[in-house]
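Asks: One structure follows; several queries about it will come next.
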Amino acid sequence: MTPPENQNIIEERKELIKEVLSAYPEKAAKKREKHLSVYEEGKSDCGVKSNIKSLPGVMTARGCAYAGSKGVVWGPIKDMIHISHGPVGCGYWSWSGRRNYYIGTTGIDTFGTMHFTSDFQERDIVFGGDKKLVKLIQELDVLFPLNRGVSIQSECPIGLIGDDIEAVARKTSKEIGKPVVPVRCEGFRGVSQSLGHHIANDMVRDWVFTRSDQAKKDGTLKFEGTPYDVAIIGDYNIGGDAWASRILLEEIALRVVAQWSGDGTINEMLMTPNVKMNLIHCYRSMNYISRHMEEA
């Protein structure tokens with residue numbers, strides 16, 4: 001039996017949960033209520049639901065497919081401009097939230113801590129945002145001429161209205177002469193960040209490595225290999241840890257040709273298929289592209 005003093009604490013905490021839920025709209029509050037509970041001794045379960053898809057527009061600690069692509073895989077590539085394509089909120093909340101350290105001059109040749117968004121409004125939902133996206137990419141290339149490419153990170157509304165970001169990517173890539181990578185990472189696609197990792201890996205395969213293969217056929221890929229070439233994959237340089245790994249590898253006479261995404265560049269990604277070995281730090285987020293290279 002729960003002592004009276006503990007029962008009072010339990011009731012206080014239940015009231016606190018009610019107070020938190022009162023700030024939500026009625027429909028959202030009903031859904032969030034299932035995820036909040038007070039621990040009571042002797043209960044047969046934890047009292048909360050889990051493994052449920054993130055809801056578009058509702059902040060969660062778990063993240064979504066967009067977070068897995070933009071926040072983890074693509075965002076740390078420092079010399080590319082990463083556009084959060086959709087309403088301003090997703091890009092704002094994912095902006096500079098991770099300590100992906102990098103070397104470079106922000107706004108000149110590196111853009112990792114900058115926030116770029118197409119800032120979707122109601123009219124864009126009605127009429128589509130393709131033209132707006134084309135104009136945005138063109139303007140960004142004028143404003144930041146030292147960028148080495150662009151990634152388009154789709155937010156939920158883009159998938160719902162069916163914008164053709166692939167056509168935009170092909171068109172603008174020809175215009176600016178740089179890689180433009182469309183990533184269908186709308187948040188509603190995955191229960192967590194995990195599917196976003198997979199989608200992002202697939203886009204590296206389809207839009208970056210194909211470019212590398214073509215350059216190799218054309219004889220324009222400038223790469224002189226050695227037997228000691230390696231790539232560090234899936235290290236996001238959180239707090240600078242990739243730099244420490246790189247120093248250790250170079251001390252044993254390995255040549256680190258590429259490291260990504262942390263402090264990584266699009267050119268390093270293009271060179272990666274030529275190395276002798278991939279060294280994976282975060283298996284969960286980068287095993288897909290590593291398996292592709294192993295099997296190719």
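Including glycine, each Cβ sits where the backbone N, Cα and C put it.
Okay, so Swiss-Prot annotates it like this:
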- CYS64, CYS90, CYS156: [8Fe-7S] cluster binding site (BINDING)
- CYS282: [7Fe-Mo-9S-C-homocitryl] cluster binding site (BINDING)
Asks: Quick one: pull the CA-CA distance for CYS156 ([8Fe-7S] cluster binding site) versus the residue listed as '[7Fe-Mo-9S-C-homocitryl] cluster binding site', whole Å only.
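Replies: Rounded to the nearest whole number, the Cα-Cα distance is 26 Å.
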Asks: What same-chain residues, at least 6 away in sequence, bring their CB to under 8 Å of the CB of CYS90 ([8Fe-7S] cluster binding site)?
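Replies: CYS90 ([8Fe-7S] cluster binding site) has long-range Cβ partners TYR66, SER84, GLU155, CYS156, GLY187.
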Asks: Determine the most Cβ-crowded residue among the binding-site residues CYS64, CYS156, CYS282, using a 10 Å radius around each Cβ and all protein chains in the structure.
Replies: CYS64
Asks: Would you mind reading off the Cα separation of CYS282 ([7Fe-Mo-9S-C-homocitryl] cluster binding site) from CYS64 ([8Fe-7S] cluster binding site), to the nearest angstrom?
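Replies: About 18 Å separate the Cα atoms of these two residues.
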